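Here the structure comes first, spelled out in structure tokens, and everything after it is commentary.
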Amino acid sequence: MVTATLREMLISAEAIRFGDFTLASGKKSTVYIDIKKAITSPAILKKIAAEVLTHSTDFDAVAGVAVGGVPLAVSVSLASDKPYVIIRKEQKGHGLASLIIGDVAGKRILLVEDVTTSGGSAVFGIEQLRSAGAVVTDVIAVVDRNEGAGKTLQGLDITLTPLVRMQDLING
């Protein structure tokens, strides 16, 4: 039996859309990558976790920024048997006020992202993790749009590893 590549699985899940979109970065684009919909599939989540672990196993816990990064972090956590961490985008008005859910102080944390464009979400996650005492050196993105995230993260001494590049989804 031939195993589908992650690229093929994302295309089959209709994770790539064409039209007029405003991205989380604020940029306008004619292409939208809908990883959040794609990762509702257990098969795609398992494939992503397996792919992440072919690139990195040297971490104590895996983190994701809410909302898109959380199911990715959970899937990598289950596949690696290592804890996961949730990074909230904003503080709640009740309960515990921390943006970080999980133990990160002094730990090597792998940050997983659904899609990287400018790198803004990853930078936010890295800053939150580092301010809580974590060591962060790597970000793995399911899809990188090649629109500056790599360069932005490099400025923070972070290596960005995309599992798929947007042009590979479009051009094959």
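Numbers run from 1 along the shown chain.
Cβ atoms here come from the backbone N, Cα and C positions, even for glycine.
Database features (Swiss-Prot):
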type: BINDING; residues: Arg88, Lys89, Lys92, His94, Glu113, Asp114, Val115, Thr116, Thr117, Ser118, Gly119, Gly120, Ser121; note: 5-phospho-alpha-D-ribose 1-diphosphate binding site
type: BINDING; residues: Thr117, Arg145; note: orotate binding site
Neighbour tally for Arg88 (5-phospho-alpha-D-ribose 1-diphosphate binding site), based on other Cβ positions within 10 Å of its Cβ:
16
Pairwise CA distance, Gly119 (5-phospho-alpha-D-ribose 1-diphosphate binding site) versus Arg145 (orotate binding site), rounded so that it is a whole Å:
10
At a 10 Å cut-off from the C-beta of Thr117 (5-phospho-alpha-D-ribose 1-diphosphate binding site), count the other C-beta atoms across all protein chains.
25
What number of additional C-beta atoms lies within 10 angstroms of the C-beta atom of Arg145 (orotate binding site)?
22
